[in-house]
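What TrEMBL lists as domain 'Ferric oxidoreductase' is 12-133. For 12-29, 49-66, 86-110, 122-140, 146-166, the entry in TrEMBL reads transmembrane segment.
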Amino acid sequence: MIISTWEWIRLLGLLAYFYFTISIIFGLLRKSSFIKSHKNLIYHIHQNAGWLGLITVIAHMVLLLIDRYEPYSIVGVLIPFSANYRSLPSALGTIAFYLFLMVIMTSDLWIRTMNRSLWKKLHFLVLPAWVLSLVHGVLIGTDTEITLIIMFYVISGGVTLLVLVVRTLSGFMKKVNFPMFHNN
Ligand code: HEM
């Protein structure tokens, strides 16, 4: 089946959002006190999904430069609020991209040369990045008209928020020394 460049752009956008969501969910799970086993596997899923998300979003952006349906310039893609097409939702995508890029670079490439607490603060910027990418996809995507895609956003958003709440709660329980959440 041959699909157009614009359809590839849409597919890659959805895929990038999916990979980033998986990376965040597994990242949050990894440090949750109620997860006792398979920590290595969870870490590898977290790390690889992040890289796959980055590669996919770069392909999403490169195809926008090639496609002639809604022509984007390199400035329009890289500088927030400079795109002619849907300036605000496009800018949200660009800002999300820079945040994801920074989080992945500081985690995998520069972590050894960085102060740990600064790294941790930067790493949590992945949450606003994810929110921006979700809002970007919902506002700009043609597929937001499709019920199945709306369900995909609702389920992925809901699961991520749930895991975030569980992780925050388990962190709190651990702090107050609640026995069930105390790691040996
Ligand atoms: C982390 C960064 C990004 C993510 C996760 C992302 C994700 C998405 C998603 C989920 C969609 C919806 C696809 C659909 O409904 O079929 C989408 C569509 C789109 N994105 Fe992105 N995107 C990102 C960055 C960007 C950037 C930087 C631009 C350009 C400035 C951009 C331009 C577009 C356009 C024009 C569409 C509309 C395609 C359509 O008609 O559906 N995206 N993106």
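In case you wondered, yes, glycine gets a Cβ from its N, Cα and C as well.
The largest share of C-beta pairs under 8 angstroms with the transmembrane segment (86-110) comes from 122-140, of the ranges 49-66, 122-140, 146-166.
Residues 5, 8-9, 12-13, 15-20, 22-23, 26-27, 72-74, 77, 97, 100-101, 103-104, 107-108 of the same chain, all 6+ positions outside the transmembrane segment (49-66), place their C-beta atoms under 8 angstroms from a C-beta of that stretch.
Mapped onto DSSP helix, strand and coil, the domain 'Ferric oxidoreductase' (12-133) counts 94 helix, 0 strand, 28 coil. A mean pLDDT of 93 is what the model gives for the domain 'Ferric oxidoreductase' (12-133).
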